[in-house]
């Protein structure tokens, strides 16, 4: 979408240096490299669609559903800045992928339910627009939780293979031919089983 900057701090036109306040505010913005990543684009789309859905619900005749898009907008912004500022590396005690996965699953389900209700029950234009944008948000959140699930599954699969190789090096199992089977390896090994 946006190519990353070749020079992150280009000199402004006219040779004027930016003010320290502008430089401080720029530190709060996510890096362009993160915004160009897959996760950055998904979080931007989630927050944008949630905000548009929130405004549409506020403009509609029935405003009972406006809290869900507002909460999802705030949560998407939080995760956008948490990922951009790499808070997941700083706060190791939290399970960030699981929190993000649960946020996306619940958002997709809630958006789907309120969008169906809004489109079928209310006839004003703002309600219909909120329902349509809610369906788009459902799709974006569903894509996000699908990708998170695949990433976690790959990570866990790698963890299982490294555990097996570490167990093999701890026990120093002899290498047996595959046709003899795994029972021969288990019976003849000198390892203590847990």
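Just so it is clear, glycine is given a Cβ too, placed from its N, Cα and C backbone atoms.
Annotation comment: TrEMBL describes 1-10 as compositional bias 'Acidic residues'. Taken from TrEMBL, the feature compositional bias 'Basic and acidic residues' covers 176-186. The feature domain 'MARVEL' is assigned by TrEMBL to 34-153. According to TrEMBL, the feature region 'Disordered' maps to 1-20, 162-194. Residues or ranges marked as transmembrane segment by TrEMBL: 65-82, 94-117, 129-149.
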Residue numbers, six or more beyond the limits of the transmembrane segment (129-149), whose CB comes under 8 Å of its CB atoms: 38, 42-43, 45-46, 49-50, 52-53, 56-57, 60, 65, 69, 72, 97, 100-101, 104-105, 107-108, 111-112, 114-116, 118-119
Cβ contacts under 8 Å made by the transmembrane segment (65-82) with residues that lie 6+ beyond its boundaries: 28, 30, 40, 43-44, 46-47, 50-51, 53-54, 57-58, 88, 96, 100, 103, 107, 110-111, 114, 117-118, 130, 134, 137, 141
Same-chain residue ranges lying at least 6 outside the transmembrane segment (94-117) that approach it to Cβ under 8 Å: 46, 50, 53, 65, 68-69, 72, 75, 79, 82, 88, 130-132, 134-135, 137-138, 141-142, 144-145, 148-149, 151-152
For the domain 'MARVEL' (34-153), residues assigned helix / strand / coil by DSSP: 102 helix, 0 strand, 18 coil
